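Just below is one structure, and these are the notes that go with it.
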Amino acid sequence: MIIKPKIRGFICTTTHPVGCEKNIQAQIEYTKQQGKIANGPKRVLVIGSSAGYGMSSRVAAAYGSDASTIGVFFEKPATEKKPGSAGWYNSAAFEKQAKADGLYAKSINGDAFSHEIKAKVVELIKQDLGQIDAIIYSVAAPVRKLPDTGEVIRSSLKPIGETYISTAIDTNKDVIINATVEPATEEEVADTVTVMGGQDWELWLSALGEAGVLAEGLKTVAYSYIGTELTWPIYWDGALGKAKIDLDRASTAIQAQLAPLNGEAYVSVQKSVVTQASSAIPVMPLYISMVFKIMKEKGLHEGCMEQIYRLFTSQLYKQDGSAPETDQARRIRLDDWELRDDVQQACKELWPKITTENLFELTDYKEYKEEFVQLFGFSIDGVDYDADVDTVVEFDCLSV
């Protein structure tokens, strides 16, 4: 099949297996060049491991610390008529390379929210690794099926209290618009917390703890985002923000649970990056296009892989073994460079100046669009997109 990108809204409906593999190879090469992580983890479970920060965490653990990794994700393999999801190809590429390099890597494809997958992971850990010493929680799902009742709960990308009106980009037409988003109801806010809050992270730690597979000194981290004043109304002050605050609650509860093991639980607040999740949030494509340009000019720009390598080396696994630096809510702040006063002041000054006519000139919107399609394996150097490729990529992946 010859595959070209087809974009509908904030989703690319096609994926390119060769491009996805190149993406993973680039992350692996970056990590190898950085060198080994002192005191790094050796047996790592990544929940939500197929893309974004989760995949970068798996790469950092495996290639920065020679760790055995188990990845959990919910992805679609290809059919004869349709390519698989990008996360499927990413995971296949990682596992292929890891095994070629003599690293233990196994994956389980299924609903991370279910009891069944937790039981399957416990079984696999007991069988192959005995225990684990790190758990990365990086699930970005818009919908959650409650494991006890089967009820399906949906999250909302909405403000709280009043209608949100802001400058934004219509990414289909590449024009500046005024985006209007109606406020969430109380039920929508509660549902968003149920889907995107910390409850499932807690359930994972409980299931693994009860099974006795958590090692002494275990570290677990969940990824979050706070953003800036420009994005707070739709994000931190909106329904999503309430879910992220619930992650903080869960972090404290898990920390207490891990006390007998001298374990640690943290929320790590990351910088804004181009992901399918962030592209769905009104205002984020414009903000990201601006802040990327400013951070690149200042030599501060990082993608997912750079962020996670810095998280591991400067916070979670320091050479001297000391604890991470945290804010008042015990969060690790990897958004520190993005939130620098000079960066944010430049964003505030640039924001009102953006028009359709100067969008490509004043921001990194061209690069934003390119990075977006790269998530799906397109616009990657060294890939022949006119070549016929086999979309069916199989690997030894357990499914639940």
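Placed from the backbone N, Cα and C atoms, the Cβ positions cover glycine too.
Over in Swiss-Prot, the protein carries these features:
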- Tyr235: active site, proton donor (ACT_SITE)
- Phe74, Glu75, Asp111, Ala112, Val139, Ala140, Lys244, Val273, Val274, Thr275: NAD(+) binding site (BINDING)
- Tyr225: substrate binding site (BINDING)
- Glu75: site 'Plays an important role in discriminating NADH against NADPH' (SITE)
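For the recorded positions Phe74, Tyr225, Tyr235, the ranking by surrounding Cβ atoms (within 10 Å, all protein chains) places Tyr235 first. Figure note: comparing Cβ neighbours within 10 Å for the recorded positions Glu75, Asp111, the maximum is reached by Glu75. Proximity to the residue listed as 'substrate binding site', judged by a C-alpha distance within 10 Å, picks out Tyr235, Lys244 from the recorded positions Val139, Tyr235, Lys244. Taken residue by residue with DSSP, Lys244 (NAD(+) binding site) is part of a helix.
Looking at Lys244 (NAD(+) binding site) and the residue listed as 'active site, proton donor', their Cα atoms lie 9 Å from each other. Its own atom aside, the Cβ of Val274 (NAD(+) binding site) has 24 Cβ atoms within 10 angstroms in the protein chains shown. When the Cα atoms are compared, Glu75 (site 'Plays an important role in discriminating NADH against NADPH') and Val274 (NAD(+) binding site) turn out to be 19 Å apart.
Here the CA atom of Tyr235 (active site, proton donor) lies 16 Å from the CA atom of Val274 (NAD(+) binding site). Residues Phe74, Glu75, Asp111, Ala112, Val139, Ala140, Lys244, Val273, Val274, Thr275, recorded as binding NAD(+), reach a greatest CA to CA spacing of 25 Å. Each of the binding-site residues Val139, Lys244 was scored by how many other Cβ atoms lie within 10 Å of its Cβ, and the smallest score goes to Val139. Taking only the Cα positions, the spacing between Phe74 (NAD(+) binding site) and the residue listed as 'active site, proton donor' is 25 angstrom.
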